[in-house]
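Trainee: I'd like to ask you about the structure that follows.
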């Protein structure tokens with residue numbers, strides 16, 4: 001009986017009615033949801049809230065239009081906020097978009113209002129329909145105080161991937177302090193959010209230079225961006241040469257290609273500063289090892305880790321020591337020499353002491369000499385370090401080389417340092433060279449003396465005329481005594497039992513006094 005056709009007929013009717021009722025109810029829900037969206041678009045949020053209340057079961061303390069509590073929090077009216085809370089207004093009342101009063105307070109950067117709401121039970125990790133938390137809003141406004149308060153009350157510094165990321169928002173808007181606070185709370189510095197990328201990628205996209213610097217300093221991966229797009233791609237797209245330099249300083253890979261198969265160089269505007277920077281770096285990193293990069297940029301920490309390549313040579317004969325002399329980083333020069341770097345050049349194409357002298361890095365010159373660098377090393381295309389220093393008018397380097405015993409008359413082929421100085425009409429260098437015994441009568445390959453190379457109207461001609469003839473006995477004695485001490489031994493002159501004025505004269509200290517001595521000697 002139970003299995004008869006009547007039973008099955010009633011059963012089918014019942015199932016059909018149930019399915020129809022369920023479908024009808026679902027259709028009403030969809031219609032009301034669309035109607036709610038319509039009212040939101042039209043600006044009638046009150047009607048939208050009423051409909052939403054019907055959809056979600058009429059929970060009166062959950063859905064509401066923008067309440068007075070929201071207004072007070074958004075405007076930072078602390079007294080009004082406290083009054084409303086004292087009257088029993090629910091601090092977790094949310095709008096149609098699930099925006100709470102705490103969201104509003106943080107978006108406005110009103111830390112006092114945010115703290116009162118939290119103390120009265122506001123949900124610290126409440127999420128809007130757009131996935132924003134109060135912490136996200138605090139990062140949006142750049143309120144470091146709000147960020148700190150929220151974290152104290154248990155806000156999650158790092159949320160699920162599908163929610164709006166506070167760290168990315170802080171970086172996007174250039175709020176470095178907020179970013180640093182979040183990173184100090186165990187946030188993944190390389191968190192990659194879909195369609196957004198890593199914090200470093202966002203910083204490069206929005207050209208937040210200070211954020212880029214800090215992220216790199218804190219160890220952010222220089223090549224992690226948005227899927228196959230690297231931070232370098234983003235910087236090239238935005239034509240930011242400064243960020244390009246920062247990224248490449250930290251070892252960004254110029255060869256990586258994005259989903260379209262393009263490198264950062266492919267994205268750079270033609271003949272732009274970005275293209276030039278990338279081309280220069282591409283040439284450098286194609287042949288240089290990491291130790292060369294660390295030395296040229298004065299990266300002492302990285303240099304320590306790469307010190308086992310202390311005498312590595314590039315195809316251009318550049319050693320790390322040569323690169324350190326380019327940058328003038330005394331710490332790097334010292335560290336390299338301590339760990340066995342050779343102060344002697346592997347090739348005439350790249351001599352450390354010549355490079356330091358040319359660029360005026362006098363402390364580097366001094367340290368190289370102290371470690372045995374050949375002070376008179378003569379390179380066919382450059383000459384001696386002294387000649388190069390004079391040619392580039394690096395007075396301090398020229399003086400240090402002369403004081404250390406450099407030959408005053410050795411230059412480039414037959415061209416002496418005095419010839420180079422005469423061409424430049426540099427009176428200070430000319431006096432310095434003559435004081436150290438430069439031969440004013442020496443002739444170069446063209447058969448010319450230094451005086452013949454001085455520009456016609458230069459006052460330097462008078463100096464040469466005054467120095468015509470043989471040197472004074474005092475000058476000859478000084479030169480001979482200094483030669484007796486040899487290279488790098490002149491400091492021992494101060495140990496001689498001689499009058500202080502005479503020792504200063506021998507050491508070329510207080511040249512005025514020395515000149516007075518010479519003048520008095522001539523008069524006598």
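Glycine residues also receive a Cβ, built from the backbone N, Cα and C atoms like all the rest.
Feature table excerpt (TrEMBL):
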type: TRANSMEM; residues: 12-40; note: transmembrane segment
type: REPEAT; residues: 64-96; note: repeat 'ANK'
type: REPEAT; residues: 97-129; note: repeat 'ANK'
type: REPEAT; residues: 130-162; note: repeat 'ANK'
type: REPEAT; residues: 227-259; note: repeat 'ANK'
type: REPEAT; residues: 316-348; note: repeat 'ANK'
type: REPEAT; residues: 348-380; note: repeat 'ANK'
type: REPEAT; residues: 384-413; note: repeat 'ANK'
type: REPEAT; residues: 413-445; note: repeat 'ANK'
type: DOMAIN; residues: 460-506; note: domain 'SOCS box'
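Each of the listed features needs to be described in terms of its position in the shown structure.
Mentor: Averaged across the repeat 'ANK' (64-96), pLDDT in this predicted model comes to 91.
DSSP states for the repeat 'ANK' (97-129), grouped as helix (H, G, I), strand (E, B) and coil, give 16 helix, 1 strand, 16 coil.
Counting only same-chain residues 6+ beyond the ends of the repeat 'ANK' (130-162), those with a CB under 8 A from a CB of the stretch are 97, 100, 102-111, 114-115, 118, 124, 169-170, 173, 175, 177-179, 181-182, 185-188, 191, 193-194.
Helix, strand and coil counts from DSSP across the repeat 'ANK' (316-348) read 17 helix, 0 strand, 16 coil.
Counting only same-chain residues 6+ beyond the ends of the repeat 'ANK' (384-413), those with a CB under 8 A from a CB of the stretch are 351, 353-354, 356-362, 365-366, 369, 375-378, 419-421, 424, 426, 428-429, 432-433, 436-439, 442, 444-445, 482, 486-490, 507-508.
Residue counts for the repeat 'ANK' (413-445) under DSSP (helix as H, G, I; strand as E, B; rest coil) come to 17 helix, 1 strand, 15 coil.
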